[in-house]
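See structure below.
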Amino acid sequence: MEHNNNPGTPQMSSEFPASTTQTSSSAAAYDNSSHFEKEQSLMRWEQDLKLRERALANNQSAADITGPHVVVPAPATAHPRQANFPSSYPMIRLNLEEDIAIREYRQIVKFGIFVFLWEAAALVYNWVVSIGTIVYSAVDNFFLALFYMIVGVPTLYFLTRKLYRAASVPERARKSYAYLMALLGVVLFNIIFFVGFKRSGMNGLIWVISLFHNDHNAVGAMATVSLFFWFVGVFLTIALFIMYLRLNNTKRQRGEIQNAGFREYIKSR
């Protein structure tokens, strides 16, 4: 049976059915339309993003020009506090009310300053007594006492400054307990000077007995005053150690400061 093709009608190949060809062309058209819509959406999103960035930049520049300038203060530790003592020629910082917030620690520092002045006076007077011993050919005693005074007074000063700084930040256990360990050395220092070995530059008990035994009564009387200085110094330094350690432990147990105990500090060394 013959198939007649009308003129003007497109001739379809028998290998590709009409339905398949129409479906493929429709899918291609849909894909092209989908890609076009995505591109348009991306372009709109990008344009919107640029507009927002431009508006944000304009607002920022306007705020910089017309808005208030806020100056953020630096931390307190960035700039050291100015010296204020003595007032005529300030060399050190001494302001208990501003630097030490806790009242009990201010009292400890005041007592520590008194102990420093007492110990410094004891060292100076110890050297004065040794001047009198030169008459009895105890020249070595004089130079040793001079050495103790030159080294001891600055050392005691720096220890007192350490107490001042530790009381300013009592929550830092390392500073507090480092001072207490150094203070134990000062206690031992006073005990040795109180004993006072002969010709050692320490005008204490043994040296006083020796002076009176050899009928050096005048110098012996001066050395007795030095002995009194060291006797009182022993109790002052022990009292300072106990007061500061007890205050630290009390504040720690109450939760007012957060630091480790003295035993934990010793174990960590």
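Note: Cβ is positioned from N, Cα and C throughout, glycine not excepted.
The compositional bias 'Polar residues' annotation in Swiss-Prot covers 1-17. Residues annotated as compositional bias 'Low complexity' in Swiss-Prot: 18-29. Under the heading region 'Disordered', Swiss-Prot lists 1-35. The transmembrane segment feature in Swiss-Prot is assigned to 111-131, 139-159, 177-197, 225-245.
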Same-chain residues at least 6 beyond the ends of the transmembrane segment (225-245) whose Cβ lies under 8 Å from its Cβ atoms: 108, 111-112, 114-115, 118-119, 121-122, 125-126, 129, 163, 176, 179-180, 183-184, 186-187, 190-191, 193-194, 196, 203-205, 208, 262
Outside the transmembrane segment (139-159), six or more residues from its ends: residues with CB under 8 Å to it: 116, 119-120, 123-124, 126-127, 129-131, 133, 179, 182-183, 186, 189, 199-203
